[in-house]
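Everything on this sheet refers to the single structure shown next.
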Amino acid sequence: MQYVSTRGSAPALDFEGATLAGLASDGGLFVPAEWPQFSHADIAAMRGLPYAELATRIIAPFVGDSLTDDELRALCAEAYGRFAHAAVTPLKQLDEQQWLLELFHGPTLAFKDVALQLLGLLFETFLTRREDHLTIVGATSGDTGSAAIDAVAGREKIDIFMLHPKGRVSDVQRRQMTTVRAPNVHNIAIEGSFDDAQAMVKRMFRDEALTGRFHIGAVNSINWARLVAQVVYYFAAALQLGAPERKVAFSVPTGNFGDVFAGHVAARMGLPIERLIVATNVNDILHRALSDGDYSQGTVTPTAAPSMDIQVSSNFERLLFDVGGRDGLAMAEQMAGFEASKAMRLTNAQRDGAGALFSSCRTDANEMARAMRWACDAGGEIVDPHTAIGLHAAREAGVDAAIPVVTLATAHPAKFPDAVERATGMRPSLPSRIGDLFSREEAFTELSGDYDAVAAFVAERATPVA
Ligand SMILES: *Cc1c(COP(=O)(O)O)cnc(C)c1O
């Protein structure tokens, strides 16, 4: 399988190359040159498979020659063996039509574990084979940092430097990063905002004093291997609800458009999906784009669902490319226009193509709180703020009553105890396996907002490549 760039001029790479590169060299994102297809019979034959085996079947066509099926099967078994639920992503019924797909049974209690646990193993496998070493630098406002650290802690071929804005992530989120004690994990608390930390990381990728000595890498959701791991749970849920004979709709709390794009991939591969509902909070650039064709950047409003507080959705470019005729050079021009003016209109082909499968809904703070209470009262479930936004969108979408609607539950409610308590009066507690989080010892380095100090810190501790 070959991967091409959405901006049309970077050379195509295989799965291993695309995984290690992250971003394409022309600034675009990698997408498969064509979509693997599963027939009705292929999908019917997947019923009842254990999660790791289902993952192997679905991911294998994307991996191509980069791994044998047995190698891939071993990595999937290891990654998903670390989840606390035997089903990995269990499905729960709320009422006749509404369901929750719980994606938070991994080590750090958010859906990002599903992809990052596998990505950590893929990195280690490919780096060992190439005798290479990766220095991952990242900035986090919460969930990505802890999931990435957990996925690579203790791995020989990788160092990770994770910057978080000092005092601006929750206690649970910070402790999930700073209590992981491994020689290759480096947590840095930076004076300043998330954007300041992010700007430093971007500068490190262009800093020749670093890139000349180290193989600098990223783990954000533009990495194709992350998306592919997320396709699996769309199949897992739909198979349990009657696919391929019956259609299913999904509602997805969305920020960077990675998770919901994986649903588009599942549909392209032949899974009968009735509709994908893009659920946003008041940071609604995606809702405006899908309902009105207006993709224009506003300013970020902080909400109780911080992982959706974004104004530019990197992975949206993959959808626009795929439904808009797969014309890389036209895409490059469109994105250059967006980068210059912070606004663009979708083409008619992009609007029609997206409209065939996607709808969208914007949810404010009151509607989110109401959805949390409904989940408690009607379904007996406590949901986190991100999931509540998905649930509100699911119930507003007007999907035919015969079709089940699955909301992706993207975080455990105990990650956001204050917001949950405000809405429902109940304070969720951490699952017992991480119940000692607040008694574990923390380790992190505090640095000022001075770039040179941060770059020097990385250069002293990272492993150079030949
Ligand atoms: C990252 C995240 C999201 C958004 O996912 P995208 O793939 O960026 O759309 C939603 N909910 C939670 C809890 C997250 O951590």
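The backbone N, Cα and C atoms fix where each Cβ goes, glycine too.
Bear in mind that the values here come from a model prediction, so they are computed numbers and not experimental data.
Pulled from TrEMBL:
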DOMAIN    2-80  domain 'Threonine synthase N-terminal'
DOMAIN    89-328  domain 'Tryptophan synthase beta chain-like PALP'
MOD_RES   Lys112  N6-(pyridoxal phosphate)lysine
Count up the helix, strand and coil residues in the domain 'Threonine synthase N-terminal' (2-80) according to DSSP, in that order.
40 helix, 9 strand, 30 coil
Looking only at the domain 'Threonine synthase N-terminal' (2-80), report the model's average pLDDT.
97
Relative to the Cβ of Lys112 (N6-(pyridoxal phosphate)lysine), which residues of the same chain, six or more apart in sequence, are found under 8 Å away?
Gly106, Asp143, Thr144, Ala147, Ala148
Kindly assign Lys112 (N6-(pyridoxal phosphate)lysine) to one of the three DSSP-derived states: helix, strand or coil.
helix
